[in-house]
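Residues or ranges marked as 5-phospho-alpha-D-ribose 1-diphosphate binding site in Swiss-Prot (evidence: sequence analysis): R87, K88, K91, E113, D114, I115, A116, T117, T118, G119, Q120, S121. Residues or ranges marked as orotate binding site by Swiss-Prot: T117, R145.
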Amino acid sequence: MANQELIDALRDAEAVKFGEFELSHGGTSEYYVDKYVFETDPGCLRQIADAFADRVGDAKLAGVALGAVPLVAATAVETDSPYVIVRKQKKEYGTGNQIEGDFDAGEEVVVLEDIATTGQSAIDAVEALREAGATVDRVIVVVDREEGARENLAEHDIELESLVTASDLLADR
């Protein structure tokens with residue numbers, strides 16, 4: 001069931017834009033969900049953190065750098081839980097870490113993400129966490145664009161949950 005308050009907040013913040021847009025995976029779309037709008041709007045961010053907090057349970061939180069860091073940080077404050085940040089690749093300086101923050105081997109981790117299109121960035125984050133010893137079987141996104149992410153994640157034994165779907169967000173438009 002759609003979170004109508006969140007849908008209204010995303011629309012009111014003008015996080016959904018219409019036109020011709022190139023997406024990160026190379027495809028194009030007639031609409032764009034601008035994560036930077038909803039991640040920098042305190043009202044949207046609060047609603048997202050509340051909704052994530054209702055779903056994460058006792059799992060350690062993880063966010064994919066850079067896009068999901070505000071989301072995981074706000075959720076961590078809401079749940080009073082520590083979190084980790086997963087980089088796209090290992091740093092070439094300092095500690096050289098790909099994962100920042102601590103977790104125990106075998107610990108259950110849930111990945112929070114902004115928008116899922118193909119799901120590849122979430123898959124990459126889950127694989128990095130699994131290689132580091134975490135138990136990860138779930139990704140929660142703000143918006144599922146319904147363009148194959150759910151199926152792609154399922155191929156990696158990862159369940160995709162979304163706060164809203166593109167169908168929800170674009171209904172009545």
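From the backbone N, Cα and C atoms, a Cβ is placed for every residue, glycine too.
Annotated features taken from Swiss-Prot, shown on the structure.
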{"residue": "R87", "record": "5-phospho-alpha-D-ribose 1-diphosphate binding site", "Cβ neighbours (10 Å)": "16"}
{"residue": "K91", "record": "5-phospho-alpha-D-ribose 1-diphosphate binding site", "Cβ neighbours (10 Å)": "11"}
{"residue": "D114", "record": "5-phospho-alpha-D-ribose 1-diphosphate binding site", "Cβ neighbours (10 Å)": "24"}
{"residue": "A116", "record": "5-phospho-alpha-D-ribose 1-diphosphate binding site", "Cβ neighbours (10 Å)": "28"}
{"residue": "T117", "record": "orotate binding site", "Cβ neighbours (10 Å)": "22"}
{"residue": "T118", "record": "5-phospho-alpha-D-ribose 1-diphosphate binding site", "Cβ neighbours (10 Å)": "19"}
{"residue": "Q120", "record": "5-phospho-alpha-D-ribose 1-diphosphate binding site", "Cβ neighbours (10 Å)": "15"}
{"residue": "R145", "record": "orotate binding site", "Cβ neighbours (10 Å)": "24"}
Given the binding-site residues R87, K91, D114, T118, Q120, which lie within 10 A of R145 (orotate binding site) by CA-CA distance?
T118
Going by DSSP, is T117 (orotate binding site) part of a helix, a strand, or coil?
coil
Measuring Cα to Cα, how far is T117 (orotate binding site) from R87 (5-phospho-alpha-D-ribose 1-diphosphate binding site) in Å?
19
